[in-house]
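Report on the following structure.
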Amino acid sequence: MDPRYKAVESSSAREDWFREYVKALKEERKREKERDREKRDKDKRESKDKGDKERDREKEREREREKEKEKEREKEKEKEGDVNDVSEDENVNNSDDEREKEQKDKEKQARMEASLREREKEVQRTLATHLRDRDKEREQHKHDEAVQHFNALLADLVRNAELAWREAKRQLRKDHRWELAELLDREEKEKLFNQHIEQLAKKKKEKFRELLDETGEVTLTSSWKEIKKLVKDDPRYSKFSSSDRKCEREFKEYIKDKLVAAKADFRELLQETKLINHKSLKLVQENEQHIREIEEILKKDRRYLVLDYMPDERTKLIVTYLEDLDKRGPPPPPTASEPTRRPTNS
């Protein structure tokens, strides 16, 4: 049995497509026959018109012959002989015309059959493409359903972000929904599991950092030992991880990120301070007291005070910013973006 036959699961669908295919073939043959019949009728009309004209010409010749019959008998006989010769030639020509017409009919029939065969092939190709596309859609739909079932299974049974795939798989197999995802191979199931674990870890990390944000005692100089006492009873702490070392590691990453944000806020403060401009570096180099004046203005802002525990690095950030302004030079005038208009010599 041809595999293309087996590819269509529904017998009713196969029968419907077969009937459509046969109907298309019949309609094509019917159109070809109608075109052939019209051509034959046209040829007959043209042949009839030709015969009528030939008869008119023959009558005219007969009248001419009657007129001259009395005058030249001999010429009349010669003319009659000529007429007989012409008739024989016409018979030969008619025979040639018949053979030529028959040859044309055969060629036309061959072209019609070739066109019909090509039409059949085109219908088969179109039908095969339609079947392949529909099969792909069906398979994709089944695959998407399997993914949905497996993700639902993970959401219900896997809530520990530290669970390994091998251990999780033993638990998942006990649930009847495991069979609903049989279309997925082992690699895809493991990939979906890892994505689920990553999402769990991400959500728990967000909740843990949310807890640290809400703890007012947390500063850039806080130690894990003192902060742990404040947060250990919160469920977001225990849910993040059962490992104290992992919680401490995440706390240090949190402090590191807070420091990066604090430095960015401080640079933003420097940009907002009007006293600081491209001339400030030169002024500081000429008079160290100028940087003290800058710091006196900055210390009124929380973004400056939050870095009190690292005064040397804070000063270094100020100097680095002044050096950057010095390299860039004075800001362009307000009209710098407009094209310079030069007077033209007339």
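Yeah, the Cβs are placed from backbone N, Cα and C, and that goes for glycine too.
For the coiled coil (186-214), same-chain residues at least 6 beyond its ends with a Cβ under 8 Å from one of its own Cβ atoms are 147, 150-151, 154-155, 158-161, 163, 165, 168-169, 227, 231, 234, 236-237, 239-241, 247, 250-251, 254. The coiled coil feature in TrEMBL is assigned to 186-214.
Taken from TrEMBL, the feature compositional bias 'Basic and acidic residues' applies to 28-82 (among others).
What TrEMBL lists as compositional bias 'Acidic residues' is 83-95.
Residues annotated as compositional bias 'Basic and acidic residues' in TrEMBL: 96-142 (among others).
What TrEMBL records for 199-257 is domain 'FF'. DSSP labels the residues of the domain 'FF' (199-257) in these numbers: 44 helix, 0 strand, 15 coil.
Under the heading region 'Disordered', TrEMBL lists 28-142 (among others).
The region 'Disordered' feature in TrEMBL is assigned to 324-346 (among others).
According to DSSP, the compositional bias 'Basic and acidic residues' (96-142) comprises 47 helix, 0 strand, 0 coil. Mean model confidence of the domain 'FF' (199-257) amounts to 92 (pLDDT, 0 to 100 scale).
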